[in-house]
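I have placed the structure first, in the form of structure tokens, so that the comments after it can refer back to it.
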Amino acid sequence: MRVRNRKGATELLEANPQYVVLNPLEAKAKWRDLFGNDNPIHVEVGSGKGAFVSGMAKQNPDINYIGIDIQKSVLSYALDKVLEVGVPNIKLLWVDGSDLTDYFEDGEIDRLYLNFSDPWPKKRHEKRRLTYKTFLDTFKRILPENGEIHFKTDNRGLFEYSLVSFSQYGMKLNGVWLDLHASDFEGNVMTEYEQKFSNKGQVIYRVEAEF
């Protein structure tokens, strides 16, 4: 999600350290201390403008959520939503999520969300897809044994690729939805992209994969 630079984004992020972790490298292995409890920690990579991560935090007060995005302006809009929701169980990171081992200890998080990731449709860009095997290597490290990835996309090609990638990696597919919004799945929290795509009648795909 590319957005225009937002004036004052840096100042807004820096003014809210209760939600924005300003020194993420120092947070490694200390996330439960930062949240002040031992509740499960769920991470969304590429949290965009924050509709999903803030909605999940409000819906599940006994789970801690971390939203990650590389774009400062985007994350500042996510912070707007977090401030609006006003719940304590959420943190935001302005970092590149390509190597999460920089910010999380082995087994430190309990679930990972990949929502509407860039599909990188060209074959030569396969290694940039977040469900490529090298990313799965990283995700497996920071998740516990039997940790899960919950994945949503509107891109059929990326969905099919990811199913194959998960399976070839040896992961167990605990749930596959070929049309999420037409299913009986309960508790779905939509991202901004998801709302936009669903309003246009596009099918949303979902999978839960376990290491």
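Keep in mind that glycine also has a Cβ here, set from the backbone N, Cα and C atoms.
If you look up Swiss-Prot, you'll see GLU44, ASP69, ASP96, ASP118 marked as S-adenosyl-L-methionine binding site, on the strength of sequence analysis. The Cβ of GLU44 (S-adenosyl-L-methionine binding site) has 24 neighbouring Cβ atoms from other residues within 10 Å, across all protein chains displayed. According to DSSP, GLU44 (S-adenosyl-L-methionine binding site) is assigned to a strand segment.
Proximity of ASP118 (S-adenosyl-L-methionine binding site) to non-local residues of its own chain (separation of 6 or more, Cβ distance below 8 Å) is seen for ARG128, ARG129, LEU130, given in sequence order. The feature active site is assigned by Swiss-Prot to ASP118.
According to Swiss-Prot, the feature substrate binding site maps to LYS122, ASP154, THR191, GLU192, TYR193, GLU194. Counting every protein chain shown, the number of other Cβ atoms lying within 10 Å of the Cβ of TYR193 (substrate binding site) is 21.
Among the features that Swiss-Prot reports, region 'Interaction with RNA' is placed at 124-129. The list of residues near the region 'Interaction with RNA' (124-129) in space but at least 6 beyond its ends in sequence, with Cβ under 8 angstroms from a Cβ of it, reads 117-118, 135, 158, 161-162, 165.
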For S-adenosyl-L-methionine, residues beyond GLU44, ASP69, ASP96, ASP118 with C-beta within 8 angstroms of the site's Cβ centre include exactly VAL45, GLY46, SER47, GLY48, ILE68, ILE70, GLN71, GLY97, SER117
Three-class DSSP assignment, TYR193 (substrate binding site), comes back as helix
Count the other Cβ atoms sitting within 10 Å of the Cβ of THR191 (substrate binding site), across every protein chain shown. 24
If we check Cα distances from ASP154 (substrate binding site), which of the binding-site residues GLU44, ASP69, ASP96 wins as closest? GLU44
